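Asks: Here's a structure for you.
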Amino acid sequence: MLGAIREPPIDVQIALHSRDDNQTGLVLRGTRRTVDRVLKGLCSSPCFFCSVSLTMATLTTTMATTATMATTEASKPLEAQARTALTKATNYAWEIFSNRHWCGELESNVTVTCEHIFFLYVLYQHIDPGEGSQYRQWLLSQQNSDGSWGIAPNYPGDISTSAEAYLALRIIGMSTDSPELYRARTFIRAAGGLSKMRMFTRIFFAEFGLVPWTAIPQLPAEFILVPAHFPISIYRLASWARSNVVPLLIIAHHRPLYPLPNGLHKQNPFLDELWLDPATKPLPYGSSDPTDPVAFVFTILDKALSYLGGLRRSPTRGYARRRCVQWILQHQEKAGDWAGIIPPMHAGIKALLLEGYKLHDEPIQLGLAAIERFTWADNRGKRLQCCISPVWDTVLMIRALQDTPASLGIKLDPRIADALAWTAENQHRGPEGDWRVYKPNIPVGGWAFEYHNTWYPDIDDTAAAVLAFLTHDPATARSRLVRDAVLWIVGMQNADGGWAAFDHENNQLFLNKIPFSDMESLCDPSTPDVTGRTIECLGMLRDLLMRPAENAENGEKYGYPDGEGDAAADAHLLQIINTACARAIPYLIRSQEATGTWYGRWAVNYVYGTCLVLCGLQYFKHDPKFAPEIQAMAARAVKWLKQVQNSDGGWGESLLSYREPWRAGCGPSTPSQTAWALMGILTVCGGEDRSVQRGVRHLVDTQDDTLSQGDGGAAAWTEREFTIREPLHEASQRIGSD
């Protein structure tokens, strides 16, 4: 049964690297390192991704398997090797621990860096030659052999990504006669030329006069005035779309025109060589399906707005613009960030400048400083991260390290306590949060994955943080920190029983039919992967609350209120948890595919979703109400995981599975996906299982000690594919787009 939303993968497929990375290899050739995820895989629990996180997932799987492998004589050599790999991965994790937490580079494809070059040229009409050289080095390192740039490593060229890279390289002074741009130009023209650009690329190009603003769907500023309870309002958009759309309302009103190196032109010929017909520059206005009544209505509405001049002369326009500016300023963090991601930072600054702000004004200066914190430069060149994930990296690493054997002494390591204290300090307690629009009365207590993003905590990070605290000290089950986080999580549950990433009931999927949305990523509905991690968190907490209360050594540090932990309080929280899980499990039953898998929106794809759901369901497999169904579902899921195991013992799955579900579980083995698969299988099978043994063998054999910057006692894993998806950057494209 199809219970997940099928949208094409988003272009920001993230990889993380240690800032100490001295490798000269490209992401295309596999320089991403796996710590957290693989660590967790060698011991057992789900993770996201970083140069940190992949190793941890593998490490954790090792420990879950070695605990049972010891009973089998034939497995002892593998057990010893797994423990050695675990020790090396743990050492590597400590190598990259800094300032009480972990944070690796989040690397995307080239679009976010290209758009940063556009942004800098808009502001200054100049790119520093030294800086431009670093950007050029990075962009060219990501170019495919056919001259294109893809939405992820090892994927075919994408015309919009390639067009943005071509323009960025031209802006920083690269000649059209260069062999790199010749090959890029050849690819773009062969793919249909600039007529095939996606909508967001058109917006950037319209700002330079490369395409007319009439080729952009109408975005009337009055959209900000639509009440939140209407079916269409800014709050019906996903958080990542909302934070981009509000400043775009201002930009679309002004329809700015900025110069390029050849000057200011309303019809700029700067990229005429990329058009098949530069005399007419045809731009189809969208691909709305005329047989779809919703898409047809949106198209007619857009044409009517265009006929009316986009309501620019409306008497409400001045008020709407002021409301947009007010919203932008209100949502700017004290540190200058917007939503913790780069696209709304670029758009927010441009919108404020168009409304009369100056470069020296405080909101602009803070925003520019925030953007600069996202830059990353090393011997591979300079690029811009779309976002950063220190909370995510840290809580997953904490949990993975704590699943290591007692002989390593991790639980007693003071650095773990420091990391937990750092995490506690980053719990959200303030009045901010767009989630309050629809859920104003639930307690605050979530976490965001970035340093500065008080407006958008997310359920996935919050559940992962709670799991880290519970794993470290079971007594935190009765802490205020955990209680508030769990009450916030439960309060964000959707009517269908599942959880989304950031929002409540953000499921108006018809919004993906608007002409502006050619990436189908405007909503944040329930997904099995987030729901799986959430019930894992709730299931672990439920089990701990059913045990006798224990005194936590660090109770005051984590905010234990006086009198907390009594039987009545425990019973009340247990009732809330049981009610939420009784709604979530039927959602997961409905969303299991016929193959036995679950869809994963936030990482690739069915391997990831299936792992997270299995890790959650394991806490309920003896529940009298759901036990038979859960056990049957888990058996089908594990059977599928074993069926798709690669001949080398690992697991892999490509981004193509989002477009073509028959590709589920198909792809070259990666450390992260191998770790995820092992974590899922280990919820049903023991370490002596042949698939588990083969998977652990693959991880042990692929560990790479050359990744360490130390004396040889540390090692990690190289990830050659992008295995997570990130709809936070609105530069999304379709796999194999026309």
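Every residue gets a Cβ built from N, Cα and C, even glycine.
Got these off Swiss-Prot a minute ago, pasting:
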REPEAT    132-173  repeat 'PFTB 1'
REPEAT    321-361  repeat 'PFTB 2'
SITE      Trp392  site 'Transition state stabilizer'
SITE      Phe449  site 'Transition state stabilizer'
ACT_SITE  Asp460  active site, proton donor
REPEAT    482-523  repeat 'PFTB 3'
REPEAT    581-621  repeat 'PFTB 4'
SITE      Trp602  site 'Transition state stabilizer'
REPEAT    634-675  repeat 'PFTB 5'
Asks: Measure from the CA atom of the residue listed as 'active site, proton donor' to the CA atom of Trp602 (site 'Transition state stabilizer') and give the result in Å, rounded to a whole number.
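Replies: Distance between the two Cα atoms comes out at 10 Å.
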Asks: By a simple count of other Cβ atoms within 10 Å, which of Phe449, Trp602, the recorded sites in the record, is least packed?
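Replies: Comparing Cβ neighbour counts within 10 Å for the recorded sites Phe449, Trp602 gives Trp602.
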Asks: Count the residues of the repeat 'PFTB 5' (634-675) that DSSP assigns to helix (H, G, I), to strand (E, B) and to coil, and report the three numbers in that order.
Replies: 22 helix, 2 strand, 18 coil
Asks: Would you count the other CB atoms within 10 A of the CB of the residue listed as 'active site, proton donor', including those on all shown protein chains?
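Replies: So the number of other Cβ atoms within 10 Å of the residue listed as 'active site, proton donor' is 27.
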Asks: Can you break down the repeat 'PFTB 2' (321-361) into helix, strand and coil residue counts using DSSP?
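Replies: When I sort the residues of the repeat 'PFTB 2' (321-361) into the three classes, I find 23 helix, 3 strand, 15 coil.
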